[in-house]
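Beneath this line is the structure, given in C-alpha cells, with notes to follow.
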Amino acid sequence: MAVGQAKAAMGKISSAIGERSKRISGAMNEPRRKRKILLVIVCIAMLLDNMLYMVIVPIIPNYLETIRTYKLVYITTPSNGTNGSLLNSTQRAVLERNPNANEDIQIGVLFASKAILQLLSNPFTGTFIDRVGYDIPLLIGLTIMFFSTITFAFGESYAILFAARSLQGLGSAFADTSGIAMIADKYTEESERTQALGIALAFISFGSLVAPPFGGVLYQFAGKWVPFLVLSFVCLLDGILLLMVVTPFASRTRVNTLQGTPIYKLMIDPYIAVVAGALTTCNIPLAFLEPTISNWMKKTMNASEWQMGITWLPAFFPHILGVYITVKLAAKYPNYQWLYGAVGLVIIGASSCTIPACRNFEELIIPLCALCFGIALVDTALLPTLAFLVDIRYVSVYGSVYAIADISYSVAYALGPIMAGQIVHDLGFVQLNLGMGLVNILYAPGLLFLRNVCQMKPSLSERNILLEEGPKGLYDTIIMEERKEAKEPHGTSSGNHSVHAVLSDQEGYSE
C-alpha cells in the first residue's frame, strides 16, 4: 500500500517536473526571448574572456618571481684529511637568484601569447563560423576557455602557464568572433543591433577593468587557484545555459544556408579596411599603456600599490557613458556613425598626449577616463558598421567580418606587451604617448571615407563587381536570376517564375 502511494507520488512529481520543463523550454524558445537569452550568454562569454585576460595582471608577476627567478645550484664543500690533503668533498643544494631570468620579457611574452594565437587563429575560425553557424563555435570557445582556466589554476611552471594563455587565445578566437557575429545575426534592425553590441562592449569593459582587483584580492587572501576556479565555474554554467537554449549538434533543418564571403575578399574591401584600421588604432594606447603605466606611476608620482591596482577602475564609468551616448545618437542620427568614431579617435589622441603631464594619481584619472570614453565611441559606432557593410555589399553572414574585427584588436594587444616596454626604455614614456596620440588624431580624418556608407543600398551593379564567381548556392542563384530579370524589358512575371523555379529545384534537390 505504502509502496504504491510512493510510486504514485513519484509519478506525479515526475510529470509535474516534465510539464514545468516543457513550459520553461517553450518560453526560452520564444524568438524574442531566445535572442535576449543568447545576448546574455554572449555577454557572459565576453566578460569571462576579458576577466581571464586581465585577472593575471596582479598575479603572474609575483608568482613568476617565486618560480623562475631562483635556480638550484650545488656547492661543493671540501673536507680535509688528517695530513691536510683533500680526501673527500660534499655537495649541498642551495637556491640562488637566477641573473638570467628576465622577468619583464617573460611577462611580456606571456601576456602577448594569447593575442598572438588569437590573431593567427581568426582567419580560420571566421571561415569555420561562416560554414557551421554561430552556436557550435561559441560552445567550442567556452569549452576551450574552461580548460584554459583550469590549467591556469593548477599550473606551476612557466611552460604550463604559457600553454594555458595560448589556449585561451584559441578559445577567444572561437567565442568572441562567434558571439559578436551571433548578436549581429539575431538583431537585424540597426538601432537594436547597435544597442545589443553596446551591451556586449559594456561587459567587455567591465571584465577588463574589474578583473585586476578581483584577482589581486583573491590571490592575496585565498591563493592563486581560487580566482581561476571561480571563472571556470561561471564558464561551465554559461556553456550549460547555451546547451539549454540551442541544440548545436542536432540535425540541421536548413539545407540551403547562405555561403559567407571569403575572409580575404572582406580584408581587401576598402570600407572594411578603414574600420579595421580604426579599431586597431583606437586600442593601441590601451594595449601599450597597460604594461608600462604602473612603473611610470611608481617612478613619477611614487604611487602606492593600491593606486596602481585601481588605475583603470574609474575609467569603467565613462566607458559605459560613451556606449550609452553612442547608442542613443546612432538611434536618432544613424547616418553619422563615422563622425562618432572620428570624434572618439580625437579624444583618444588628446588623452594620450596629456597623460605624461600628470603628476599625481588624481590628475591621471582624468585622461584615462577620457581615453576609455573615446574607445567606447569608436567601438560602439564602428562594430555595427561592419555588419551593415556586409549586409549591403556581400552576403549577410558575419563570421569572417567579425574575425577581422577580432584580428584588429589582437594586433594591438599582441604588439603592446612586447613592444611597449622596449619603446619606453629606448625613447621614453612621454614619446610613446605622444606617438600614440598623434597616430589616433591623424587617423580620424580617414573615417570621412565612411560618410556615405549609410546611404548605400544593395545594388545589382555592385554585386556584379564583387561576385566574381558563378552562383554557388540558393542566394547567389536568385541574385543571378534577378540580374537577368533586370535586363529583360517585360521580365517581372517571368523573373518571378524563374525565382520560384529555382526555389522548387532547390527544395526538390534537398529532399
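A Cβ is built for glycine as well, from the same backbone N, Cα and C atoms used for every other residue.
Between Asn80, Asn496, the residue that has N-linked glycosylation site written against it in Swiss-Prot is Asn80. With respect to the membrane, Arg131 and Val453 are recorded by Swiss-Prot on the same side.
In this chain, the transmembrane segment (226-246) lies close to the transmembrane segment (198-218): three or more C-beta pairs between them fall below 8 angstroms, excluding pairs fewer than 6 positions apart. Sequence-distant contacts of the topological domain 'Lumenal, vesicle' (422-428) (same chain, six or more residues past either end, CB-CB distance under 8 Å): 288, 292, 295-296. Between the transmembrane segment (109-129) and the transmembrane segment (401-421), three or more CB pairs separated by 6 or more residues in sequence fall under 8 Å, so the two stretches touch. The average pLDDT the prediction assigns to the topological domain 'Lumenal, vesicle' (422-428) is 89.
Ranked by the number of CB pairs under 8 Å to the transmembrane segment (429-449), the listed stretches 166-186, 338-358, 364-384 are led by 338-358.
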